[in-house]
Amino acid sequence: MAAETLLSSLLGLLLLGLLLPATLTGGVGSLNLEELSEMRYGIEILPLPVMGGQSQASDVVIVSSKYKQRYECRLPAGAIHFQREREEETPAYQGPGIPELLSPMKDAPCLLKTKDWWTYEFCYGRHIQQYHMEDSEIKGEVLYLGYYQSAFDWDDETAKASKQHRLKRYHSQTYGNGSKCDLNGRPREAEVRFLCDEGAGISGDYIDRVDEPLSCSYVLTIRTPRLCPHPLLRPPPSAAPQAILCHPALQPEEYMAYVQRQADSKQYGDRAIEGRQDPDPPVWSETKPGVVPPKKAGASPAKENSKESDFWKMLHEPEEQPPEKEETQAEEQEPNLEATDPPPTSPDDFQNNVQVKVIRSPADLIRLIEELKGGTRKGKPNTGQEQPGDSATEVPSREPEMKEKGDPEQQNEVEEEEDDEDEDEDEDERQLLGEFEKELEGILLPSDRERLRAEVKAGMERELENIIQETEKELDPDGLKKESERDRAILALTSTLNKLIKRLEEKQSPELMKKHRKRRVVPKKPPPSPQSTEEDPEHRVRVRVTKLRHGGPNQDLTVLEMKRENPQLKQIEGLVKDLLEREGLTAEGKIEIKIVRPGTEGTEEDARWLTDEDTKNLKEIFFNILVQGAEEAQKERQRQKELESNYRRVWGSPGGEGTGDLDEFDF
């Protein structure tokens, strides 16, 4: 698709860059197979643009998307200068050779591998057999896939030139002259490949796979920890993919416009930060306009009412205009000054009479409002005696309040009437529901009822998910600054809702049955089937523990399963349930965990299934699989979403994005 096309073109240019230096110097270009086999690349489409045509470096290539957006992609250093001198830089190995490392396998037991109908037996340095087993006994003919002939010579010059074993990091042996093949009449032959497996134990040799690429020609892959000390066979460190960084390439005028927009947005952000970090509001000053008493003494009542309304409007925006709070406080104190009609005072006396209140929190603002309301109630009778105009203007505003507060009996009567109407409506609804349930019981089968119950439950879960999404949108971004804190809050909310659903399912069902029995006679229903108990939340998580044990030499493995009554199984199930509830996860699908350790002989009853250390480590294993794996998947999804958004953006276009279908992007 689009991303694959872009990546393939980049890799093609990358290979061209590898070949180009050799052709310019007159040499012969060669394809570096070692690089392709051991290096991985990942493309990163970044949102930060660059000015096109400014970089002349050899590691920069120009590509274009399907929307004609040009990119400058910088190839990683490893793509241009791969480790061509790796062989020379390899430290000298002073340990035993590869044949010496594998020689202890001669005295070890033969390795067995069962695949479909056949069982394969490999005896190091001797032969390879194939036969069929039934009831731990060999049935039918034993076929020889080959006898030991030779081993790969690491010191041979021809072997060094092939580099096949060095690249694949395996040692091989050849087995031939086996049983005659019925298909082509030739003797069977096999190649055995030995690979390092650092995770296996001291004697952890095992046959990993058996392939038959050609008729009667076999390839056995054996993994063993014996070869890991050798540097040529030790697996390379798993390196992260080499990133190919691609920046949108803009024309000079587009790039300058982008830089100007960034500068403007930065200045706007700095101003906003400075506004938030302002110190305490400044105190009143005698130079402020509008606070000098002589000019305000002759103000009309209409102006005072407008000032009072402006004060309550400004209280709704306390943080945006902090200096105006003090002005409104001064204006609220002006009625007292006008009532007494004092002569003009000096600035010093004015400052002594001013009360400065600093509002630092919403609680302080509420207290200030209450004080101002109390002050106006106390001051209004005095002002009413000397200024009848004020009382005349304030009476209409008080009348609605008195009407609301003075009729509690009428309000109670209205509430009682509404309650009676609600009860009548509820009774009608109950009757309709009862008739509907009667009809359903006569029509629906028990399976249909279970299905309807499941659909109702699914609908409840969808509603809860919508509530969670709405809660996430309403979360204060300043209160939960870190994404991890927001995720933990959502998980905790999900866990709480799951517990509520569980309690509702446990408590509501018997209560509903009692209500139905009170209203009408219901025929007795048969007891619920065992399947319904398994659908209960208590049985959503089931742990199954099985043990594989050899029945004897050259015999099949016996499978033992832990009984449900085993207390150790109950302990493991409780551990998993607690982890799922705490992290707000649901149990979906199956998870298989294999614990490989030396087995003990004995029956199921006297054998210890899991050691204390195994049980202790299970919690960490579950956490890594369920929780940490989910977080990594979420991060990867977010990264892919950002890459797709960056790819769709077309710089300089009116809409700013391409017109491609979202489904066609698959990085």
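Yeah, the Cβs are placed from backbone N, Cα and C, and that goes for glycine too.
Note that the coordinates shown come from a computational prediction; the quantities given were computed from them, not determined experimentally.
Among C196, C216, C246, the one Swiss-Prot lists as the disulfide partner of C228 is C196. Looking at 156-187, 636-667, the range tied to region 'Disordered' in Swiss-Prot is 636-667. Under the DSSP three-state reduction, N177 (N-linked glycosylation site) is assigned to coil, being neither helix nor strand.
If you take every residue in the domain 'MRH' (108-230) and average the pLDDT, you get 85. Summarised by DSSP class, the composition of the domain 'MRH' (108-230) is 14 helix, 67 strand, 42 coil. Cα to Cα, N177 (N-linked glycosylation site) and R188 (mannooligosaccharide derivative binding site) are separated by 6 Å.
The highest number of surrounding Cβ atoms within 10 Å, among the binding-site residues D182, E212, is found at E212.
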